[in-house]
Amino acid sequence: QINFVACQLFALLAAFWFRIYLGPSHASSAVRHAFATLFGIYFAVFCFGWYSIHLFVLVLMNYGIMNMASIPNIHRYSFVVAMGYLMLCHISRMYIFHYGILTTDFSGPLMIITQKITTLACQLHDGIGRQAEELTAEQNRLAVKTRPSLLEYLSYLLNFMSIIAGPCSNYKDYIAFIEGRHVHMKLLEVNWKQKGYDRLPDPSPTGAVMYKLCITLVSLVLFLTLTKNFPMAYIIDNEFLDKTPFLSRLGYLYVVTQAAKQKYYFAWTLADAVNNAAGYGFNGVDERGAFRWDLLSNLNMWNIETATSFKMYLENWNIQTAVWLKRICYDRAPWYPTALTFVLSALWHGIYPGYYFTFLTGILITLAARAIRNNCRHYFLSSVPLKVAYDVATWVATQLAVCYTAAPFVMLAVEPAITFYKSMYFHMHILSILVLLVLPVKPQTHSVRRPQNQAMQNSVQRK
């Protein structure tokens, strides 16, 4: 953990230096690629020691696949090799180290690299192996038309801004950032003459970086204080279970989950700040005309803490991973996209049994929450008091459902997870099953490989 924080702080300083002295106006794209890669390799070796060889082996293996595999199969081979290697590392982490956390736990960076490898492979397959009319509008926008060079490939996967804690980003966005087109691409989407500007502004990330650093500081303080006073293990302590009423246990569960979340708030916000400090992550302007630096943000804390649906919570938690799952699995799955996406998410996280308790429970609760919303929500929209009451009730239900679902993720092993769910009387499982049995479930709208000009194709076929 000390190495992680030290590396990210060094990366933050390197990012400022990179933006100021190696900006697109001061250095060529090749130089920027080279320095970003060399810094990333150095940070990986510093933080993970010889374990960092796993990162480099996976990257080089998949570079060979990208150049030798046929385009129709490139995304399949890359996915199998990247996920297979990641799974082998997860297995060694669990069985060799007996649920222990390595002093140099390289699984996090390996998970991010796996995301990037599979993302690029799918986008390369879309760009070269498929016709434009076969793609959705988003797939067409992100499609990669040419295989990257070795330097571009290494820079995308190993750059110092994201090698330690991510997040995953699109290849085309990253290349546009290195080449100095990233900010202008977003600004050109806005009519600046109407806003009183004679030319495109030059937004600075300094304000966004400072704001995110303040959030990381608060999250770090909360994590260090709350986890010490409210340990997750206490929730399955026999004395606690014997003396504490059920509703009080639910309240404690909410508090310990809040404490556990601060670690992720800290790591993801700091990673976002590192990318922004380098000039990466600009995302246009909001409805008020303010510059946005959230292209790579991994969470929206306000939406998380005020979420009134399981779906809303998941969409704002680990955002870039959710986007990866959607683009790699959900949008391409021929059947059962929700279930397959949860299973892939569990496999990507690792093989600890607690992960599978969490994600399998998540499938059940997601389906039940969707059924309740589709069948009941419209009855509460007729008046403001009813809508407020519905929002309050769904907020409480969502927060408790997330705590109930996520607890085994932290506990990892089978026995504590079963003990926890027994202490909770499996109430969320039972309620979800009852909901699915009683309420009609509307067919899930899901489009796989839906062309962006489907209407035109249908018209041609009718003719």
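Glycine residues also receive a Cβ, built from the backbone N, Cα and C atoms like all the rest.
In TrEMBL this protein carries:
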type: TRANSMEM; residues: 39-65; note: transmembrane segment
type: TRANSMEM; residues: 77-101; note: transmembrane segment
type: TRANSMEM; residues: 208-226; note: transmembrane segment
type: TRANSMEM; residues: 333-349; note: transmembrane segment
type: TRANSMEM; residues: 355-372; note: transmembrane segment
type: TRANSMEM; residues: 392-412; note: transmembrane segment
type: TRANSMEM; residues: 424-441; note: transmembrane segment
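Panel annotation: around the transmembrane segment (39-65), residues 3-4, 6-7, 10-11, 14, 18, 74, 77-78, 81-82, 85-86, 89, 102, 104-106, 109-110, 113-114, 117, 121, 150, 153-154, 157-161, 163-164 of the same chain, lying at least six beyond its termini, place a Cβ under 8 Å from a Cβ of the stretch. Cβ atoms under 8 Å from those of the transmembrane segment (208-226) belong to residues 255, 258-259, 262-263, 265-266, 269-270, 272-273, 276-277, 281, 291, 293, 301 of the same chain, restricted to positions at least 6 beyond its ends. Beyond the transmembrane segment (355-372), the same-chain residues lying 6 or more positions past its ends with a Cβ under 8 Å from any Cβ of the stretch are 309-311, 314, 338-339, 342-343, 345-346, 349, 398, 401, 404-409, 412, 417, 421, 428-429, 431-433, 435-436, 439-442, 444.
Tertiary neighbourhood of the transmembrane segment (333-349): same-chain residues 83, 86-87, 111, 114-115, 321, 325-326, 355-356, 358-360, 362-363, 366-367, 409, 444, 446, 448, selected by CB-CB distance under 8 Å and a gap of 6+ residues from either end.
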